[in-house]
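Following: one structure in structure tokens, then a few remarks.
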Amino acid sequence: MTAAAPSQQRPAAARARNLPWVEKYRPQTLADLISHQDILSTIQKFISEDRLPHLLLYGPPGTGKTSTILACAKQLYKDKEFGSMVLELNASDDRGIDIVRGPILSFASTRTIFKKGFKLVILDEADAMTQDAQNALRRVIEKFTENTRFCLICNYLSKIIPALQSRCTRFRFGPLTPELMVPRLEHVVQEENVDISEDGMKALVTLSSGDMRRALNILQSTNMAFGKVTEETVYTCTGHPLKTDIANILDWMLNQDFTTAYKNIMELKTLKGLALHDILTEVHLFVHRVDFPSSVRIHLLTKMADIEYRLSVGTSEKIQLSSLIAAFQVTRDLIVAEA
């Protein structure tokens, strides 16, 4: 028995080592979660008083919605009963009414013999469900409230029908602040012995925009690809344009003739694999920072909005890049005319 123990431990250690960091460092208890303390304290009170209602957790990706309800489930149920008491589904896998009539209905309608209390159905990405499926789910929730609690998780509250919203207690999870993200990222960096610079950490936080899942994925990918996490390697790994690239692009659009600007930007896009949508996002931030005359800023933002829309419906990047350069060159002429 003692000789076999190390060989039994090795597969478990290997599994932990091969796990994505998002799962490896997922909070296991409510106390491990780093934000939304007001929401967590309310849910903790529901659990301690055995009055957990149906829940609707909504907000941007990577803000702790799924981690929160999984931590609740682990507090409510022991490991051996978890599988029989908790049903976790991703509604985007099967968005139709069959998922409600099939696994959800059969799980909610059966009672457990040896365990008192309610079962828990966790429905992730519930905003992907069709309206018919949501209406069917409403009837299931009404019928089996006595022995089952439902937790719906979504990014967009507006895509959940009012009848479902009214049957749940709603909690909004906002994006995480840098002050909350940095200590948790530093913990992962220390545990994984990651070589990271200060500007690399800032780039991680900036690009993730309050999404902890995205921050951890970028951190792991950059570390594996380059062995060192700096601002440049983070931007290169994600295919996002560097600040110096944006500065060059803006300089070309405002100061060079059309042909030269187009040639230089196309060469840079090809060399670094940049997407025009990412360039447009960074240039948009620049427009708000610079003190343009109001009429000039309005003209430029309107043109950029049109370009973004046309990109979203699948038009040619080359044509839209031409349109972006033209918009900036017209802007340059307007500034000169108003001077």
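Glycine residues also receive a Cβ, built from the backbone N, Cα and C atoms like all the rest.
If you check Swiss-Prot, you get these features:
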- Gly59, Pro60, Pro61, Gly62, Thr63, Gly64, Lys65, Thr66: ATP binding site (BINDING)
- Query: From the centroid of the CB atoms of Gly59, Pro60, Pro61, Gly62, Thr63, Gly64, Lys65, Thr66, the recorded ATP site, which same-chain residues not already listed sit within 8 A by their CB, in sequence order?
  - Reply: Asn155, Phe173, Asp211, Met212, Arg213
- Within the chain of Gly62 (ATP binding site), which residues six or more apart in sequence place their C-beta under 8 angstroms from its C-beta? Leu176, Ser208, Gly210, Asp211, Met212, Arg213, Arg214, Ala215
- Item | binding-site residues compared (Gly59, Pro60, Pro61, Gly64) - highest count of Cβ atoms within 10 Å | Gly64
- Message: Taking only same-chain residues 6+ apart in sequence, whose CB is under 8 Å from that of Lys65 (ATP binding site), what do you get?
- Response: Leu57, Tyr58, Gly59, Ile153, Phe173
- One finds that other Cβ atoms within 10 Å of the Cβ of Thr63 (ATP binding site) number exactly 23
